[in-house]
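Trainee: These came from TrEMBL, pasted as-is:
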| type | residues | note |
| --- | --- | --- |
| TRANSMEM | A:6-27 | transmembrane segment |
| TRANSMEM | A:39-58 | transmembrane segment |
| DOMAIN | A:116-166 | domain 'NADH-Ubiquinone oxidoreductase (complex I) chain 5 N-terminal' |
| TRANSMEM | A:132-153 | transmembrane segment |
| TRANSMEM | A:165-183 | transmembrane segment |
| DOMAIN | A:182-470 | domain 'NADH:quinone oxidoreductase/Mrp antiporter transmembrane' |
| TRANSMEM | A:189-207 | transmembrane segment |
| TRANSMEM | A:219-238 | transmembrane segment |
| TRANSMEM | A:258-279 | transmembrane segment |
| TRANSMEM | A:300-318 | transmembrane segment |
| TRANSMEM | A:330-351 | transmembrane segment |
| TRANSMEM | A:358-379 | transmembrane segment |
| TRANSMEM | A:391-413 | transmembrane segment |
| TRANSMEM | A:569-590 | transmembrane segment |
Amino acid sequence: MANWSDIALATIPAAPLAAAIWCGTVAQVVRRTTAHRPVVLALALSLVAAAYVLFVVVPGSVVDSPAAHSQITPIESSGESLVKPISLIASETPASATGEHHGPAHKAYIFEVYRWMSVGGLTVDIVLRADAMTALMLVMVNFVSLLVAIFASSYMHGDKGYPRFFGAMALFVFSMNMLVLAGNFIEVFIFWEAVGLCSYLLIGHWYHKPSAAAAARKAFVVNRIGDFGLMTAIFLIYRTFGSVDFETVLDPARLAELAAAQPGLITTIALLLLLGAIGKSAQFPLHVWLPDAMEGPTPVSALIHAATMVTAGVYLIARTTPIFVHSPTAQLVVAGVGATTALVAAVTALCQYDLKRVLAYSTVSQLGYMFMALGAAAASPALAAHAETFAMFHLLTHAFFKAVLFLAAGSVMHAMGDVIDMRRFSGLKKALPITHITFLCGALALAGFPLLSGFWSKDEILAVVWEATQTGDYKTYFYLILGVGLLTSLLTAFYTFRAYYLTFHGPERFPEEAGHHPHDASPAMAIPLYILAALAVVAGLILGPTHIYAHYIEMTPNFPTAAPAGMNVGMMILSTVLALGGIGLAYSIYGKATRPEYSDARPLSLWENVSLNGLYLDQLYGALIARPMATLSAVCEFVDRMILDKIVDAVGLIPIIAGGMIRPLQNGLVSSYAAVMLLGVIVALASVLRAIASVT
Amino acid sequence: MNWVSENIALIGTLVLLGANILLLFPSTGRKSGIPGFLLLPVTVAGLGWVFLQPTGDLVRDLLFYMASGTAVLGGLLMTTQRNPVYAALWFAVATLGVCGLFVINSAPFLAAVTIIVYAGAIVVTFVFVIMLAQQEQGSGYDRIPQQPFLATVLGCLLVGTMLLGIEKTFGPDSSRLSVDRTALHVSSLPVENDLGSPGGVGRSLFTDYLFAVELAGTVLLVATIGAIAIAPRRPQGSL
Amino acid sequence: MSPDPSHYLVVGALLFGLGAIGFLTRRNLILMMLSSELMLHGVSVNLTAFSQYHGQHDGQVLTIFVLTIAACEAGLSLAIILALYQRTRSLDIRLWTTLGEEELMPPMADSASREIEPPAQPLPKLVPAGRRPVIGADGHVVTPVLSNSQASGKGAKA
C-alpha cells in the first residue's frame, strides 16, 4: 500500500492518460457519442487528486529540521517509512539571510516513478514533483479543464470527430499535468512538445477546413522557433550544471556562485529560456500563431489558448526565477517583451470584428502583463517575490475570466450558427441571457473593474512595476513600462467593452445561419459558465487582498523571499479610473443607439486597417521570411532536380550500359553456355600446362 | 614464335582438322560436300602420322590403326552429317571403333557390353525417337549448324591443349617435365592376371566397388522412374 | 602390361574434341545428346588405356559406371526431349531459350533460325465421298451447311 500522496500524484496525470487511451481506441468504435464521460470522470478524479496535493501534500512537505520537527505530518512519516522510491529532497531556503521567513521551510514532494535513462553523466528520472506553484497550477488546469470538458460535451455534440476531440483533450490535460509536475528539464521539454502537439491536433480538429489546417501548421512551426530556444537552453544547462534536475540546477547558492563567475552564461541561458517561453506564450515577435489558432473549436481556445497551455511560458519563467534573478539583462528583456506584447496586442484587438480574435489578442496582451511583472524583478532582487507571485496570480485569475469569456463566445457562436463576425449580429442580450450575464462578468473582470479578480491581479502587477520605478538602476525604463501598462489597461477596458456592446447591445440582429430562434446555452454549457463567471468575480477578492495566494506560493522551494506587499492605493485608484474610462469610452461610441454601423461599404481609416491586420505583422513575416525561403527552396529544387538528379541518373546509367554490353551472353541458348564453358576448360588446361612447364 | 616453330606439326595438324570439319559442315551456299570428303583421308592420315607413330608390333599397330581410324572417322562424320539418322548411324560406327580399342586394351568384356548397350540400346532408341519426331526430311535446324566457326576453333583448341599435355607427359622429351614417370607407372597393387575378363571385372565390381554398384543401381532406378514421370502423356497412337 | 598409353590418349582427346564440336554446332536436341555420348566415349578410351597401363581393373570398372550413367542419361534425356517436342513440335534447341534475357529474343538470329516457319498450311481433309470438296480462301475445306430438305433435294439430283 503506497501512501496517499503518491497515489494522488500519480492519479493526476494517469487518469487523463487512461481517458485519452480509451478515447483513442475503444471509443473510436463503440460509445462514440458518450466519449466525453470517461474524460469528465478522469478530469474530476485529477481535480480531486490535485486538491489533495494542494491542501495536504504540499503544506505537509516541510524541511526535516529540528526547528520544524513538530510539524511533520503523518503522511510524510509514513511515506518515509514505507516506500523506498520516495525521496524528499530538501532544498533549504536561505531563511537565515532574510530572517523574515515565517513558518517552516518547505520542500518539493517528489515521487520518482522510474529511472528513464542513464547515459554517461546524464541521468533522467521520470519524477512527479509537487510544490506550491505546481499545486496551484494543477488545481487551475484540472479545474478549468473539467469545466471546459463539460461545456464541450454539449458544444461539440454531433461532431464527427467527437471521440477524437475528447481523446486529444484528455491527452492535452495529461501532458499539461506532466509538464507542471516535471522534476527536470528533460521532462519539461518532452511535455512542452506534447502540449504543442495536442494544441496542433486540436487547432486542426476540423482538418477538412483549409484555414484550420493552415492555422495548425502555423502554430506548430512558430512554436518550433521557441522550442529551439528551450532545447538549446537545456543543452546549456546540462553543460553548465551537469544535471537537468530542478533541485540541482535551481539551487540558489550554486547559482549565485556561477553567476558571479560567469554572468554571461546565466544571461544566455535565461534568454534562451525566454525564447522558449515567448514561443509557447505567444509573446511579441512570435505571437502571430495565437489569433489564427482560434480556428480550432472554441472549448479548445478557452482551455489551451487562453487558460492553460499558453501560460506554460509564464510558468517556465516563474519556475526558473532563481536563474533570472541573477540576470537583470534577461529580466529587462522579459519586461520589454511583455510590455511590447501587451501594447501591440491591445492595439490590434481594438478593431477586430471577429469576437474570438478580440479575445485571442486580449489573451496575448494579458500574457504580456504577466511577462511584464516577471521582468520587473530586474529593478531589485527584493522585488522578485512580488513579481513572481503576482504574475502567477494574474495567471490564475486570467485563466478564470478568459475561460468564461471564451466559453461565452463559444455559446454565442453555437447560437449564431458558427458565425463569430460581430458585424453580422447584435443585441443578443435578450436572446442569450445566460451568455450575456456571464460574458459581462468576464469582461468586467478582464477590464479591471474594481473588486473583480482582474482588478486585483492587474493592479498588483502595476504596483510591482511602480515599485520597480522607485528602486534600482532602471527607473526610466520601468516608467516607460508602467506607462505602457497603464495605456494597455485603458485599451483593454475599451476593446473588451467594444466587443461586449457590439455583441449584446443595439438592435437585435441574427445571421441567417442561426436559424429562426437562437437558443441559449444548454445546462451542460451553462453550468461551467456560471461557475467560471462566479470565480472571475470573486477569486481575486478572496485570494488577493487576503494574501492567501501570496502566502501559499511562498511555500515553493527556492522562492525569493520578501516582505508581504502592501496595498498600493494610488495605483489602485489610477487603474480603476483607467478601467472605468475605457468602459465609458466604449459605451460612448458603441453603447448608444447611434453607434457606427459596420458595413463592407464604409472605407476603413488607416489606423483601423493597421489594427485590423495586426500591425501587418503577418504580411511582414511573409515578406521577410516566408518569401525568401520560398525562393530559396525553389532554387534548391531546381538544383536538385536539374543538376543533382541528372548526375545521379548518369551514375545509374553506367551499370545499365555495362550490363547491356554483357547481356547478349545471357541469351538462353545452351550451346553458347557450353561454348563459354569449353573456353573455360581450355584456359584452365592451358594454365595447368604452363605451370607444369614453368616448374622445370 | 619459338613456341610456334617448336610445335609446328601440332598446329598444322589441328588447322587441317579444323578446315576439314568446316568443309564437312553442310551449308546453304555450298551444295556439295565433296572437298570435305576428299580431304578426310588426308586429315586422318596426318593425325596418325603426327601423333600415332607405329610402335613396332605390327599386328597390334594394324588393329590399333583400324580401330582408331574407325572411331575418329565415325566421330567426324557424326558431327557433320546433316541427316540426323545418318549421324546416329555414324555414332554407332564410332562406337564400334571405340570397342575395338577396348579389345586392344584387353577389355573384351567391356567392348561387348558397350556394343550391346550403345549400339544395341541407346543408338536404336535415338534413331527411333528421331524417326518419330522427324516431320519431313531435313528440318531447317539440321541443315544449318550454329556458330560452326566458333565451335570448330574452340574444339580444335581443346584438342590441341590436350594433345600438348599428352606430348609433354609421354612424348620423347618428357624427361624435361618434373613429373616422375615412374610414379605414373607404378601401382602399389599387384598386376591383375585376369585383366579384362568378366570374372576379374566382376570381382573388382563386387568387392572394391560394391557401394558404387549399389549407387549406380539406385541411379538407374531413379532414372527409370524419372523418365516415366517426365514422359509426356498423350492420346494413344500419337506422339 | 602395355608400353605407352599416349596413342589411346590421343584418340580419346580427338573423340572428346569432336564430341564437343558436335555439341556446340548441332541444333537438334537428340544429336546434341549423341555428341555428349561421343565425349563419354573419349573418356572411356582413356580409362581403359590407363587400366591396361597399370594392369588394374579400376579403369574398366569406371567405364562400366560411365556406361550405366550414359544409359540413365539417355533414358531421361529422351523423356525430356519428347516432352519438349510435345510443346513445340520441333527438336530445335533455339526454341528453348527461356533462360535468356527476354529482350534479346530471338537470340543470335541468323538465317537458319529464320527458316523455321509456322507449320505449312494443313493438308485438306478428306470429306465423305460423293461430293467435290469446296476449299475456302483459307485453304480449309468448307463444310457445307446442309438443311434436311436441301440435302435430300441435292442428293436426289446428284
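Cβ from N, Cα, C; glycine included.
Relative to the rest of the structure, where do these features sit?
Mentor: When Cβ-Cβ distances below 8 Å are used as the criterion, the transmembrane segment (A:6-27) is approached by residues 35, 38-39, 41-43, 45-46, 49-50, 52-53, 56-57, 79, 83, 86, 109, 111, 113, 128, 130, 138, 142, 163-164, 166-168, 170-171, 173-174, 177-178, 181 of the same chain, each at least six residues removed from its ends.
With a cut-off of 8 Å between Cβ atoms, the residues of this chain six or more beyond the transmembrane segment (A:39-58) that come close are 4-5, 7-9, 11-13, 15-16, 18-20, 23, 73, 75, 106, 109, 130-132, 134-136, 138-139, 141-143, 145-146, 149-150, 153, 166, 169-170, 173, 177, 555.
In the predicted model, the domain 'NADH-Ubiquinone oxidoreductase (complex I) chain 5 N-terminal' (A:116-166) shows an average pLDDT of 87.
Through the fold, the transmembrane segment (A:165-183) approaches residues 9, 12-13, 16-17, 19-20, 22-24, 27, 35-36, 38-39, 42-43, 46, 108, 110, 125, 127-130, 134, 137-138, 141-142, 145, 148-149, 152, 156, 159, 190-192, 194-195, 197-199, 201-202, 205, 245-247, 297, 299-300, 303-304, 308-309, 312, 315 of its own chain, all at least 6 residues removed from its boundaries and within a Cβ separation under 8 Å.
Residues 161, 164-165, 168-169, 171-172, 174-176, 178-179, 182, 213, 215-217, 219-220, 223, 227, 230-231, 234, 276, 280, 293, 295-297, 300, 304-305, 309, 312, 316 of the same chain, all 6+ positions outside the transmembrane segment (A:189-207), place their C-beta atoms under 8 angstroms from a C-beta of that stretch.
Counting only same-chain residues 6+ beyond the ends of the transmembrane segment (A:258-279), those with a CB under 8 A from a CB of the stretch are 192, 222-233, 236-237, 240, 285-286, 312-314, 316-317, 320, 323-324, 326-327, 329-331, 333-334, 337, 371.
Here the transmembrane segment (A:330-351) has long-range neighbours at 266-267, 270-271, 274, 278, 282-284, 287, 317, 324, 357-358, 361-362, 364-378, 465, 474, 477-478, 480-481, 484-485, 487-488, 491-492, 494-495, 498, 604, 607-608, 611-612, 614-615, meaning same-chain residues at least 6 beyond its ends whose C-beta is under 8 angstroms from one of its own.
Tertiary proximity for the transmembrane segment (A:358-379) is limited to same-chain residues at least six positions away from its ends with a CB under 8 Å from its CB atoms, namely 277, 281-284, 287, 290-291, 293-294, 301, 305-306, 310-311, 313-314, 317-318, 321, 324-325, 328-329, 331-343, 345-346, 348-349, 352, 386-388, 390-391, 394-395, 398, 402, 405-406, 409, 446, 458, 460-461, 464-465, 467-469, 471-475, 478, 481, 484-485, 488, 491-492, 495-496, 498-499, 560, 614.
When Cβ-Cβ distances below 8 Å are used as the criterion, the transmembrane segment (A:391-413) is approached by residues 133, 136, 140, 144, 147-148, 151, 155, 297-299, 301-303, 306-308, 311, 314-315, 317-318, 355-356, 359, 362-363, 366, 369-371, 373-374, 419-420, 425, 428, 432, 434-435, 438-439, 441-443, 445-446, 452-454, 456-458, 460-461, 503, 520-521, 525, 528-529, 532-533, 535-536, 539-540, 543-544, 549-550, 553 of the same chain, each at least six residues removed from its ends.
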Trainee: Look over the recorded stretches A:132-153, A:219-238, A:569-590 and say which has the most C-beta pairs under 8 A to the transmembrane segment (A:300-318).
Mentor: A:132-153
Trainee: Six or more residues beyond either end and a Cβ under 8 Å away: which residues meet both conditions relative to the transmembrane segment (A:219-238)?
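Mentor: Cβ under 8 Å, 6 or more out: 122, 185-186, 188-189, 192-193, 196, 199-200, 203, 244, 249, 265, 268-269, 272-280, 286, 288-290, 292-293, 313, 316.
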